């Protein structure tokens, strides 16, 4: 069995004839892809994986396996690292939690299992803008298809259910990760039933309201065109009814047969070790790690080919800096000898911020709140056990919608031209305040120029909306209330943060809301959400505002009128929304960019082959290599709800996970 003790792992490293050829740091999403492909490709290649978390075999944790219980895992410290940022100035100096999966499988153990992809142009920009040869839509689509096992279920899906078309030309059918249209909850229903009444399916009703505001339905949102609304595919195996993760797809099928794969769990890598080659370049030859239960550091050496960092965007840069790779000034402050000066390490941190708006709806609408009712809970558990159907089999029958800036401005009755016109000056001032190195500044300039160009592109989404049949922040544990949430997510935030090694540990500057454009985007997106809620027939289903609660103190319909006689009321609405953003903005599970795949003179850390500049035998293969965060989504629970194990969905869904799988596949393609 590949999962071994430290003694066995160390013994393999010490062998003279067959030590490790490859050592993968991080047994998460991309790490397990690489481990599987390397081990399966050549039985003579010895592959090692080191994971800081544990291994959870099938059946060990319902929080992992059962799709409808995914929110519970976020409150389990054995499954979620739950890292916190430094206080965020634009968010009332709150520390913002970022969930990260802990264990073999990484964040695929705890995410929302949703399968979405960025727009074609976002992938193509990796090659055309950032000059990474071979990183484009066509090549990455093949990598994504290679990892997919898409199952077409024989299910009658009525018109109006907003389910993806089943075009297999954009999906794989032989890969390790199972994707499907799981049984829907509530069951499929058309937008208007046979007697002319609105559907009782809240996400479908919400998407219909979007349609009334001119947003199109998107029957094929994974084909490179993401604009519009749909219900997404899910990483759920319809045969077992369980989550499909990196562990279940890439590791477990080869546990008994891969004699050349060795996996060490509960071991945290602290730094990479180097020898000097004859040409003077440092060569990565091993790592230093800390094992749970031991009071000393352990060295693993003699790696013959590559050490591959796949520890994620929040850990990979810390390992690099601890190893002497990073900004020389930061390394000097920490007392670390500089091996290679790469000032881009740890900078350029990006993540998707989100804000929720929730209402109470008429009790006739099914919602997630029903799971707090003991009778309904028992009914759903029985349905899952016996038929793999119901709420627990689907996770969340929600809707996803990607919207370009033009439509956000049209619906919110704001000017996209004015927004874009002042954005360039705002961005120049914003970058100046960061006091960046010349190289990193040059890379930021290129990124922001691309983002500015994309604002006029109708094929690029700038806001993602989620329509959720439930409430995320303050669930009613009686199960009597029925609720609905619209979430707004900025897909291409202008704010930047960083993560760096410090003497007393790493520090994360999330950077959320630090660029004024992000707050403006949120304000306009929240106005759109309020307009969706105030559109019939959804308007008639709403009983009261849950949050922001202060919306109950004003005449919302009057505030939405664009006339000269209600300026003060409109300003009051803006103040309510602005305060709501500061108090309740949360982070998604999508940190990227901290070891960017860009030119070295632009603050890049790795080249198009994912090799770290200035060293031999060291690569990075996780989401830290993406220069820009992509149009994907995930779901978040409030920190308090996580700590209280509330049954609520958390920031876990649309997924940078599809890109993470693709990165792993591309390394070995």
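The first residue you see is number 1, and the count goes up from there.
Here the Cβ of each residue, glycine as well, is placed from N, Cα and C on the backbone.
The FAD binding site feature in TrEMBL is assigned to 29, 30, 269. Mapped onto three states, the DSSP output places residue 269 (FAD binding site) in strand.
Here the domain 'Glucose-methanol-choline oxidoreductase N-terminal' (312-326) has Cβ contacts under 8 Å with residues 25-26, 28, 83, 98, 100, 106-107, 269-274, 334, 336-343, 345-346, 349, 499-501, 506, 508, 591-595, 605, 612, 614-615, 620, 622-624 of the same chain, all six or more residues outside its ends. Residues annotated as domain 'Glucose-methanol-choline oxidoreductase N-terminal' in TrEMBL: 312-326.
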So what sits near residue 269 (FAD binding site) in its own chain, CB-to-CB under 8 Å and at least six residues off in sequence? 25, 50, 52, 287, 288, 289, 311, 319
Between all pairs in 29, 30, 269 (listed as FAD binders), what's the biggest Cα distance, rounded to the nearest Å? 17
Counts by DSSP class (helix H/G/I, strand E/B, coil) across the domain 'Glucose-methanol-choline oxidoreductase N-terminal' (312-326): 7 helix, 2 strand, 6 coil
